[in-house]
Structure formats: structure tokens, C-alpha cells
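Peer 1: I am attaching a structure below and will ask some questions about it afterwards.
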Amino acid sequence: MTQLEALKQLSMVVADTGDLEAIKRYQPHDATTNPSLILKAFELPGYQALIDETLAQVKADIADPQARVDEAVDRLSVAMGSEITQLIPGRVSTEVAAKLSFDREASIAKAHRLIELYEQRGIGRERVLIKLASTWEGIRAAEQLEKEGIQCNLTLLFSEAQARACFDAGVYLISPFVGRVTDWYKQKTGQEYTPEEDPGVVFVRKVCDIASRYRYDTVVMGASFRTKGQILGLAGCNRLTISPALLEELESEEGDIERKISDVGDASERLAPIDEAAFRWGLNQDAMATEKLAEGIRRFADDQATLEEKLAARLG
């Protein structure tokens, strides 16, 4: 048995890629898209016809140049997501633009539009997760969307305050980041960590512990892995989203995997809900989380801007 096969017995494996060939090869349950992955798709032969067809339709439907670009981003995200749903049994995560991370109402409106586009392609909302940054406004948007039957994936999650706010809001899934947490600590300390001491692994284990101990329904999906050791350190987490390079490492080695995360039982009562003031204070007091959340939003926004420039050039 390969390590990938062994891991799939302990955690649901999600492909952190939009590459159709990689998805076919590794057979994940779920997959994800974001502006960075859509940019990479421009270099993948499997998507060229889809890109050409989508942009031609946008040009035919819309005259205003900026409106064309905005619509092209949405339609392309959904077109790629729709292709991916043909290859997986589960869901595809589709991202709300990072520039909307502090606007609850605009995030909700964008989510509605993405779901509408999926439904026009015959893909029901039960096959889609709307991906939002774990800001206070993003979490509040997700809370409303969940009430409407639109389930969400809260990303760029680096702190216990963010996780608890998501649990309180009843969001479907959160994506606490491993690699970026560890990157920050390595840069600050110059230290190398074993998987057991790895700050990102320790953080996600704590999030899993809270979710399990207090019986929150939210799915925890470890994300942003740098090494195979980090992945193995979270074996047993509800879900793990893994890049093709690390999926290949896991597939190329034989052997069993030890469960590192287990159900820790039932607390007699839940934690008190975290309000906005406590959320913002908790985030403020965590320098790593504050810096990494801001950096992550900027990175996604930069990728979105690059994608928009590329689309504007193609749309003419």
C-alpha cells in the first residue's frame, strides 16, 4: 500500500490544484481553484479550448471593457470548477475575490453570482464550496450564506480566534494553514522543526482538538503544506488539501501511516461565542496571524490583478 492510499484511509484527500491531469491521476475526493491556479491553467493544454470558448462568449455578451473582465473572471472560475466536478465525487471550492475580504455584502453578492453560474451549467450548489478569507466580514458573509444553503470554505486561517469565530458561525469547512505558519516562525527564529514540533502542525492539531472536543460540526481541512512530514503529522485530520508534488511523494513511497489526530471526546459544554471585539483583539495579539492574513489577502489580490490584466489583453 502506498502512503497516499494509507493516508486516504485516515483523512479525506483534496487536490490543491486545478490541473485536470493531476486530478485524474491522484483521484482526490475534492479539489479547489483560486486566481493563482487559474493563471497556471493558461499554460495547461487541457484548458485552452475552455478558455477560448468562455472569453468568446463574454465578448459577445458584454460591451463594457471592465465589466467584461469582471465577468470573465467569474465565468472562467466556474467553467474550470465545472470541469473539475466531472472528475471528482465531492466538491470544488471556488474563491470570492480577495479584494472583497472586508465587504460582507459584496462577498455575499459575489457568492450568489458564482452559484448562479454553476447552476446555469447544471452544477448544483451541493457540489460547490464558496471560498472566503477568514476576516470578520468574510465569516459573517459565510454565516449568512450557510443559512441559504450555500456552504463555505474559510481560508487564510492562522489563529484560534479565526477558527472559533468560524465554529460559532456554523461554516461548513475551514482551511487552517500549516506551511505559512511555519514559514513565519522559521524566519523569526532561524530554527528547523521536526514534524512533532512544527508550529503549523501544532496549530492545526489544536484547531482539530477544539473542533472535536466541543463537538463543532465544521470540517477542518489542513492546508498549505511544505513537506510530506507536515502532512503525515496531521494524519487523521478531517481533510488535507495537498499539492500534486506532495501527492506524488506520497504515492511513490510504500508503508503504513500512524494516526496523529483522533476524536478526543465530548466536552460538557461549548466555548462561549467570540464577539467582534474579542476576535479583533485575539488577531491583533497574534503577530504571526495578523501578518500572514494580511499577506495572504495581498497575494491573492495580486494574483487576481494579474489574471485580470491577462484577460483584459485577451478580450481586447
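Numbering starts at 1 and runs along the chain as displayed.
Glycine too: its Cβ is placed from the backbone N, Cα and C atoms.
Worth saying up front: this structure is predicted, and the values here are computed from it rather than measured.
So Swiss-Prot lists the following for this protein:
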type: ACT_SITE; residues: Lys131; note: active site, schiff-base intermediate with substrate
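Walk me through where these features lie, including what they touch and how far apart they are.
Peer 2: In the three-state DSSP reading, Lys131 (active site, schiff-base intermediate with substrate) counts as strand.
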Peer 1: Give the sequence-ordered list of residues that share a chain with Lys131 (active site, schiff-base intermediate with substrate), lie 6 or more positions from it, and have CB atoms under 8 Å from its CB.
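Peer 2: The list for Lys131 (active site, schiff-base intermediate with substrate) reads Thr32, Asn34, Ser93, Thr94, Glu95, Val96, Cys152, Asn153, Leu154, Thr155, given in order along the sequence.
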